[in-house]
Amino acid sequence: MGLFGKTQEKPPKELVNEWSLKIRKEMRVVDRQIRDIQREEEKVKRSVKDAAKKGQKDVCVVLAKEMIRSRKAVSKLYASKAHMNSVLMGMKNQLAVLRVAGSLQKSTEVMKAMQSLVKIPEIQATMRELSKEMMKAGIIEEMLEDTFESMDDQEEMEEEAEMEIDRILFEITAGALGKAPSKVTDALPEPEPSGAMAASEDEEEEEEALEAMQSRLATLRS
């Protein structure tokens, strides 16, 4: 506490160092999330191969869509790391300016990076907090409210994803799932019947496993 009950402001150098530490911590969180999603993706690939052997094209398509969503999520996480690196570089520049000018300066580079980072759900809470602190310190200007409110952008699977689904299925199954089909609706050869009861039980187990896998991937992406 300072005079008249006011909180003593931290020295600019201490603020910059604290921000840098928080950014590095969030980068480690993002790295872990990327690894988790990629590990889960390997399991999905194995499931696609198994489903392809049984001629379950519908299951393969569902899993391929999950892989597309996961790869998009990983791409966004890598982009967020690049933005965080930009902020870290900006913090180094602030320390250099501080030594010469004795105060922190506005940075358009940091501003742009932070505007992107506050939209990433995985790190949004920390980035919003950092943005407010940086605004207060005068490094960035006040961000528009819609920047904060546009975080809920759930992407739908677009028609153009069909080609990506085909490509993934062809790649994972080494061409076994059709010969580079033009549409995912192409039928596969029917598997040979081997007992109705056993097949029904297997299908139920596979559906449960598929739902569990989708749930794990959705949790990792959220």
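In case you wondered, yes, glycine gets a Cβ from its N, Cα and C as well.
Because the structure is a prediction, the values reported are computed rather than measured.
Checking the ranges 3-13, 146-156, 201-211 against Swiss-Prot, the motif 'MIT-interacting motif' annotation falls on 201-211. Under DSSP, the residues of the region 'Important for autoinhibitory function' (59-64) split into helix, strand and coil as follows: 6 helix, 0 strand, 0 coil.
The region 'Intramolecular interaction with C-terminus' (2-113): residue composition by secondary structure is 96 helix, 0 strand, 16 coil, according to DSSP. The average per-residue pLDDT of the prediction over the coiled coil (22-54) is 92, rounded to a whole number.
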